[in-house]
Number of protein chains: 2
Amino acid sequence: MEGFPSPKHLLLLLFTTTLLLVSLSLRSFPTIRSLSSRRLSLRGGSTGTDGAGETMHVHKDPYHPLDPLTYNEIKAIRSILASHPDFASPNTFPSIHSLSLLEPEKAVVLGWRPGDTLPPRRALVVAYSANHTHVLPVDIASRRVLRHVVRARPAGYPSLTPEDMERATKAAAAHPDVINAILYRGLNPSSGVICGPLASGWYGPEEENRRVIKVQCYAKSPNFYMSPVEGLTVTVDVDTDGVIRVSDQGLGIPVPRNRDTDYRYESQRRMPTTEAVAVNPMSMEQAGRPSMRVGAGGHMVRWAGWEVHIRPDARAGMVVSRARFRDPEGGGAWRDVMYKGMVSELFVPYMDPGEGWYFKTYMDAGEYGMGTNAFPLLRLNDCPRNAIYMDAVFAAADGTPFVRPDVVCVFERYEGDVAWRHTENPLFGYDIREARPKVTLVARMVASVGNYDYTVDWEFQMDGLIRAKVSLSGMLMVKATPYGNLSQVPAAEDLYGTLVADNIVGVVHDHFITFYLDMDVDGPSNSFVKVHMETQETAPGESPRKSYMKVVREVARTEEDAKVKLKLYDPSEFHVVNPSRLSKLGNPSGYKLVPGATAASLLDLDDPPQKRAAFTENQIWVTPYNRSEEWAGGLLAYQSHGDDNLAVWSQRDRKIENEDIVLWYTMGFHHVPCQEDYPIMPTVFSTFDLKPVNFFRINPIIRAAPYTEEDLPVCSGVDATL
Amino acid sequence: MEGFPSPKHLLLLLFTTTLLLVSLSLRSFPTIRSLSSRRLSLRGGSTGTDGAGETMHVHKDPYHPLDPLTYNEIKAIRSILASHPDFASPNTFPSIHSLSLLEPEKAVVLGWRPGDTLPPRRALVVAYSANHTHVLPVDIASRRVLRHVVRARPAGYPSLTPEDMERATKAAAAHPDVINAILYRGLNPSSGVICGPLASGWYGPEEENRRVIKVQCYAKSPNFYMSPVEGLTVTVDVDTDGVIRVSDQGLGIPVPRNRDTDYRYESQRRMPTTEAVAVNPMSMEQAGRPSMRVGAGGHMVRWAGWEVHIRPDARAGMVVSRARFRDPEGGGAWRDVMYKGMVSELFVPYMDPGEGWYFKTYMDAGEYGMGTNAFPLLRLNDCPRNAIYMDAVFAAADGTPFVRPDVVCVFERYEGDVAWRHTENPLFGYDIREARPKVTLVARMVASVGNYDYTVDWEFQMDGLIRAKVSLSGMLMVKATPYGNLSQVPAAEDLYGTLVADNIVGVVHDHFITFYLDMDVDGPSNSFVKVHMETQETAPGESPRKSYMKVVREVARTEEDAKVKLKLYDPSEFHVVNPSRLSKLGNPSGYKLVPGATAASLLDLDDPPQKRAAFTENQIWVTPYNRSEEWAGGLLAYQSHGDDNLAVWSQRDRKIENEDIVLWYTMGFHHVPCQEDYPIMPTVFSTFDLKPVNFFRINPIIRAAPYTEEDLPVCSGVDATL
């Protein structure tokens, strides 16, 4: 062990090695560009930014009203803010917590046509200084701050900046009690530890009227997550840098130092190859040109019948907008399906009430940002060879722009399944065998929020179906324990999880991903219909059957009618229909939400984290469209009290019939860890579908062609020998 | 319209054009071989039968105890039966309704090693003659019928044979009332109609003590399903060929003659190509050799860590057996996972209580056979280019063998997803971006049971997960109606479905697929554990949290403990563990059943179809292993009364703790049709997973390598230009 360093030395080391466990906007080009320089060779088309990277962004102009803010636009906004009277003196410039496109009014976007001049480009800036949160819509061309709303000591703060986290972590690490606690555990405070700041949640007095971070530490290693310094929690006031409390309840708990946690290939490749992992790589290949087209501006994608605008977003990670389908009938008209779809919030409560764990009830989008934690995708591995990539331009805390390359990928997918098929029994007199391979378009973003990696896919099918999929991988958040075998544990329930390795408990937790789905089925005025299935008894003598399942359509009049808790034995389909757009048969044009396997929160409704995340109380909600209601946990989610979220908005019980409505769906996962989740978790996923229902006259892919050998690429190096 | 044909002429025509709506064993080589001659060129390896087809099967010997009966074996069995004293006289030979491998005792199979002599090859024959059902285990080498169980007029018959269906259909079509009914509708009874026999279900007196078929007709066209002669139902006694009743309640209902129902490419290609279907074909390609190996006998497949025996089966469609994983740790030992997995029964109740519909409550495996309705897969379209194929050898009703080629395909799949990943925040001091592409092995079978096509996939993952997936496509079963617009319908509920085209209602129905899963996790002695998640309130002062989710393990002692109705707000994980096989940490080795999105039957428990299909009352059941309990609806499912099925067996409430146990899972779909299901249905699917839980010490694919460009094939004709 090295000698004890000076506090100043310690601070410096901590500064450079700090674990910013919880996502931060990366501020510096060099760090990012060096990551990017590891890029594998590009194949399969340009990235939508022509691969020119940084330079490209400095000069590129927006093309579509929903294109994200460009490098130059962010620079302009910074300069507008800097010259604003309220921030003009050098020390009053606030820290920028969020700076993103303020979308034009929906009607303006719907009215815009390619070639039209763009509607005014605007940004919504959320800034913070001296206990005041500033919400600032800014108009770029007129260089005006349109409004300046100031909230003093609000219930809820903007997401943390890297500066916040660095300062708080430094303050924590410099505290003598922390240094002693680390030394007590035999670790070197200067070189052997990684500390990181964690969102505190909101539980009352300690988090009241001040911004608070909790700091915890790990023994340093490439997979430091598996070596927690258990029981040591430092509570820091982010605004004053004051340590509020140092809690150490883990003196009897060893720091796990398992040696097989390094999952990196450079380490694993030294292990003998086993049959289980010796699989020859595969690739999706396409003879001829990709079927995808990327429009001017690099964000509008056309594929099969679809057109959809895709953009990275600092908070949501990725936003898909203006999803429209060109109906093969009716003169090829473009028909609206979804105006906007995105991850609105992500709630991750851990299930240990103890001092070092109770507060771990994260809201990853609002506290950290799914986009600010979306790092460059790993080509060929995160996305297939044929993927194209989109870069993101985000604003740092000082308001300057930076480029995050390869944050979104888009690719055509063939997975060996069929879009439709039928074989006729040959004895019927027809020789019919028809099958059509299924090909889809996938837009993907991965957010690495600390230990967890969330892959969000939007998949568009040729039959008009949209599938959203969230995949989870990364590292467990684990707890150190003195136990090495379950038989030593007095009460297994008191582990609050599963023993996944020596002295390591994978703590039970949930993930709830709440999607914002602004459906515009054939236009904005839609209704939500529960197509309810219920048992109907037959009348005596009516039928040899005693019962059948009857379908009853129930149109939701107000928000209350549309709050849904899914029940297997009380099922419904969930349709968003346009009541004014009837098919020739009289069926309203619609899309239905088809939930996948899911999970619901079991927390008490009056438990503080559940109140903050009350948007998880129902799996489905429907609200009238309201520009200010996009983030299910509220605009200011950090330390929010639960008084500005979807559940609260929806208490107004507004009218939603034949209105512009927004559908909210929450996908859930219960995670009881197991040994296989150690030291890195195999991907698990869940999905939901948005599926056309009486939207098309007939199956829209009936005309698709089957494959023949001549259609497929000729590849060398292929040895089909079994 | 042509002149009215003679009854004899009519019979002849009906014989040749008969719609055998409900799957029949194809008896003749020529029909099948001509289908097979349409095979697309083979690429990607041999079929496991060396592509030699028929000849191959005539000579091939079984290699593994679970290999299906060969061509020669079936011939031998026929000859044994023919010389049996009970069947020796020419007119006493029964019709063969089922003739398949009688598996050796489990202990014998588990003890067998490659190279050992095979245990005695045996068949289980279910035959029928003169109101008697014969169940006959036959030993091939000794040429002995081991037992001869005769059931006179049982509650439940074997599945129908083609002869049964042909005779019944002829009898129905020859009836003057039927001819008149068809003429009345302006159709030509000799050339304009296709009639088909439908399983009758069991509803009491009419089906009591006699085998009954219902016959219905359609106007002839390539997609005749869309043109029902509504309301005409003929009830026929299959044993006497007597027409029991002709019911015609559809005189006012037109026969739908929509012109756009022909989904065949030869028809559709004449339509203009639209953007929606203009997608360039894609292929999965692999540089170098496939990672799959097929063992001697053509049924044992090895891939990654897996070894699994795959065989076609006349009733289940496909059986996967002896699924084992070679643990990368512990000296590469083969560890048992699942002894046998298959579709046991498929229940499809339609939701219309009317005369022509109430009885449509099919049990597709037991009444028709998933394998006998599995026709040759369409190469490149049903399965990707790299697939290998397995042929089936089945027995016809006269006991002779025939070959059904390409019934099962097996392929490696890459779908552009990741097996695991993590990106470390670069500010933590580590430059870590790791992702591993996910590749899996898929075994696929498609059963076209009349109008519906069921694709059953077993997918094996490198992380030890097994995913079962059932995909539905094909044609709706529709009902003709006088209405062309919903506004004309007095009460929409009385349609019992959705108006999907002019005069066509897609009738609401369910699909329940019940899987038999004989789990042997590290050996036969297993327990079923519900890992129950429940809300736990914290004690006052214990924590700032008011609640958390606690996990409680509940070991099922008897069958009653293991009956599960899934509830979102009362969740459990469902583990099959080996209580004697503890990990170093003390966790029992296990696999968990992870249900996907599903549906439950809403029929009354005392409704006749629900009683017969009482195996759908719970989503999960666990029974002690019993060789005679494999078919959830009973061995004799046709017209069964519900007195020999999973629900009845399980009433014994047998001990299941630390026993050889079988897990049953029922996957469900509610189907409320929509316009997009017309005239052919886009595929929908559901899944469930069998996932290792504390089976491996660590994530078994941590060692997998990432892809580099050099790993991937070089393909010509690829133009990446967007």
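Each Cβ is built from the backbone N, Cα and C atoms, and glycine gets one as well.
Unlike curated entries, TrEMBL annotations are predicted automatically.
If you check TrEMBL, you get these features:
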- B:64-147: domain 'Copper amine oxidase N2-terminal' (DOMAIN)
- B:158-256: domain 'Copper amine oxidase N3-terminal' (DOMAIN)
- B:288-701: domain 'Copper amine oxidase catalytic' (DOMAIN)
- B:D364: active site, proton acceptor (ACT_SITE)
- B:Y452: active site, schiff-base intermediate with substrate (ACT_SITE)
- B:Y452: 2',4',5'-topaquinone (MOD_RES)
When the pLDDT values for the domain 'Copper amine oxidase catalytic' (B:288-701) are averaged, what is the result?
96
For the residue listed as 'active site, schiff-base intermediate with substrate', the same-chain residues 6+ apart in sequence with C-beta under 8 angstroms from its C-beta are B:V348, B:D364, B:L472, B:S473, B:G474, B:M475, B:M477
In which DSSP state, out of helix, strand and coil, do we find B:Y452 (active site, schiff-base intermediate with substrate)?
strand
Mind giving me a neighbour count for B:D364 (active site, proton acceptor)? Other Cβ atoms within 10 Å of its Cβ, every protein chain shown.
29
Going by DSSP, is B:D364 (active site, proton acceptor) part of a helix, a strand, or coil?
helix
